């Protein structure tokens, strides 16, 4: 072991066998990440729980009694945080988690193993929530190819699709929160969202790794379909 720049003991992984360098570096990063260790102590399924916690501590998005949709929810870290914040376990709020992958049960959370791109998904979500959502959130990341420009377009495309889904299930005044990666590719997405929401901004919680271009797009004050269409019509006159 060696100490890092903060004085903490740093774990190093010996190379050997068939372990690739990329795997070695990933394992070292996990072993030395304080958020990974804290997540285990706090019972969270992923370090991502602290990203949502920090964003919510700053912007007060999740409130008791709210209805929340968590897209690409597995393994469930964000759902755990949301359920606690809105009081889902005791029936005050509701959290519906969606993913193509299976996800272990989270107290108070309704899980649906489905593709949110399915045309029937918005209606199914409304049925599970008993109405519209106050917040649609997504910590999803697109599969990467290693080609930077292609990956950026894939990521933005995924967020655009999630935003379209959100526009079908959000209540007026609702919130959309989604992971993006810093690039010029999301400029048009920001423009579109500013038509649909009163406020759109980028936020980067401390739990996001400093060397990562990861950040979150936060859109609040959803105007709703009728208001959005009226504004668009006025712009064309």
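For all residues, glycine too, the Cβ spot is worked out from N, Cα and C.
What Swiss-Prot says about this one:
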type     : residues             : note
BINDING  : 76, 78, 99, 115, 139 : S-adenosyl-L-methionine binding site
ACT_SITE : 179                  : active site, proton acceptor
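Note: the CA-CA distance between residue 76 (S-adenosyl-L-methionine binding site) and residue 179 (active site, proton acceptor) rounds to 15 Å. The separation of residue 139 (S-adenosyl-L-methionine binding site) from the residue listed as 'active site, proton acceptor', Cα to Cα, is 5 Å.
Its Cβ taken as reference, residue 99 (S-adenosyl-L-methionine binding site) is surrounded by 21 other Cβ atoms within 10 Å in the chains shown. Those residues noted as binding S-adenosyl-L-methionine (76, 78, 99, 115, 139) have their most widely separated CA atoms at a distance of 18 Å. Under the three-state DSSP scheme, residue 99 (S-adenosyl-L-methionine binding site) falls in the strand class. A C-beta separation below 8 Å, combined with a sequence spacing of at least six in one chain, links residue 78 (S-adenosyl-L-methionine binding site) to 48, 49, 52, 70, 137, 139. The Cβ of residue 139 (S-adenosyl-L-methionine binding site) has 21 neighbouring Cβ atoms from other residues within 10 Å, across all protein chains displayed. The recorded positions in question are 76, 115, 179, and the one with the fewest Cβ neighbours inside 10 Å is 115. DSSP assigns residue 179 (active site, proton acceptor) to a strand segment in the three-state reduction.
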